[in-house]
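Report on the following structure.
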Amino acid sequence: MKYIVVTGGVMSGLGKGITIASIGRNLKNKGYKVTAIKIDPYINIDAGTMSPYQHGEVFVLRDGGEVDLDLGNYERFLDTELTRDHNITTGKVYQEVIAKERRGDYLGKTVQIIPHITNEIKNKIRKVAARSGADVCLIEIGGTVGDIESMPFLEAVRQMHREEPSENIVFIHVTLVMEDLQGEQKTKPTQHSVKELRALGLSPEVIVTRSKTPLQESAKEKIALFCDVPQELVISAHDAGDIYEVPLEIEEQGLTTQLMKHLRLESGVDDGGWREMVARMKSTTDEVKLAIVGKYTNLEDSYLSILEAVKHGGIDNACRVEVNMVEAETLEEDLVEVEKLKQYDGILIPGGFGGRGTEGKMLAIKFARENDIPFLGICLGMQLAVIEFARNVANLENANSTEFDEDTPYPVIDILPEQTGVADMGGTMRLGDYDAILKEGSFATKLYGTNYIVERHRHRYEVNPEFVDRLESFGIVFSGKNKNRMEIAEIPGKRFFFASQFHPEFKSRPGRPSPPFKGLVRAMCKYRKEREVQ
């Protein structure tokens, strides 16, 4: 097994995840099987109970793992499926070590950070890498060098560097290069960051610099000199027009070739597929506008996978999608804001929790339904579409979800039976892959091209089966089901009115878009052309 370990310095949020994903993509383009592990030094077991304002969206894996959004980037770039074990947290490590201590696995010994915690970290890394069957395992250590939380993980990979043959492991350090008022790039923070890393016994073979503009030759020379790395291994990861251009950006600087040389991997022929996809993305001329009506609109990372899936749909339809975030509560406060939705070619209601903003979202759904604007609802978006339909079409006044109103006379959305009495919040929802059978001749079947699908889920509430027949008698169709669970709702005769209990965005890939997003953008393009003719 070959390991590529990526650390970060100067500050967090530099883009280590995109760096890892881009390196992995380039190695995959050369014919190698690649997997990736994200190490998060927080004490949480997983990301499931974190606010989107803390870490952005919670990405859901096929096995139900609720993880950091970086793993979503890994899956999209590498076109692979990961598991919950690919996300190692301090919480998981300590939980396992304490469980072993209680079982008596360390009987007679004092349990310590070294060797017990560090050994557990190494064991987790090696087990995941081995099970994946990959040629190369990429490891991202979250946070910044110098953070107290990261120390056990840095010590663990230091030990791995000592234990593995030198041709089996390489260290990459990602740092920030800032510019002063005169535009000169300053390398001191990078130098100090590498110095701090070396004090921990780690010497990076490659330095990747994040900057607004391409790294100047003088700055590259200075970093190479003071950080003791060859100049050709100081890589500029400057801001790109789109994250999917980053693999090409670092490939052109020879990083993949240098890594393969260090790891003694035979050079393969690039199939060119990624480059072609990026070229298609950049050559789009048509443009449509999409409104995402949500409650976490101040932080776009809250809806990262949705934004990427929309982009994938745009690439496939040779159309650029301009996305505007609309705060749901503003629609509740001023109906004039609702009318402004007519400027959009499509409306999307994403998933979420809690009652804040739900009435505003339903106003947006009603506007889309009545004005036949292409609409996509996801998870909570589907539940609200059903509530809106129940109230305004099926004459079920004050219909609601028991999540928001336990005393509603028409609980068209109710808690999952197995969730009743569940007290713990973490990892207890209906999570991960579940299948659905699609109704023959439905729009959903046409969209997917099959009557059997598997998609990822994250929810506690569902459409109440007691109201399905009554709602369908008024025209809505539940065209996808998992046994007696409603997975898809659609309204026939509309340009595009599709809502899913599952999260299709989590399985969307560049070059292979999720069918609902591909269909939404296609409908938006058609709607835009119809409006232009009028």
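Glycine too: its Cβ is placed from the backbone N, Cα and C atoms.
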Problem set entry | Record-annotated L-glutamine site (Swiss-Prot): member among ARG103, ARG456, ARG460 besides TYR53, GLY352, LEU380, GLY381, MET382, GLN383, GLU403 | ARG460
Problem set entry | Listed co-binder of ATP (same site as GLY13, LEU14, GLY15, LYS16, GLY17, ILE18, source Swiss-Prot) among ASP70, ASP79, ASP85 | ASP70
Problem set entry | Entry from the binding-site residues list GLY13, GLY15, PRO189, GLY352, GLY381 having the most other CB atoms no farther than 10 A | GLY381
For this session: Could you name the residues, excluding GLY13, LEU14, GLY15, LYS16, GLY17, ILE18, ASP70, of the same chain that surround the ATP site, i.e. Cβ within 8 Å of the Cβ centre of those residues, in sequence order?
Result: GLY8, THR19, ILE20, GLU140, VAL174
Problem set entry | Confidence summary (mean pLDDT) of the region 'Amidoligase domain' (1-265) | 94
Problem set entry | Greatest C-beta neighbour count within 10 angstroms, which of the recorded positions LYS186, LYS188, ARG460, HIS503 | HIS503
Exercise. Cα of ARG460 (L-glutamine binding site) to Cα of ILE148 (CTP binding site): how many Å, rounded?
Worked result: 36
Seminar exercise, completed: Its Cβ having more other Cβ atoms within 10 Å than any other among the recorded positions ASP70, GLU403, GLU505, the winner is GLU505
Exercise. Which of the recorded positions SER12, GLY13, PRO189, GLU505 has its Cα closest in space to the Cα of GLY381 (L-glutamine binding site)?
Worked result: GLU505
Seminar exercise, completed: Cβ contacts within 10 Å for ILE148 (CTP binding site), all chains included, total 8
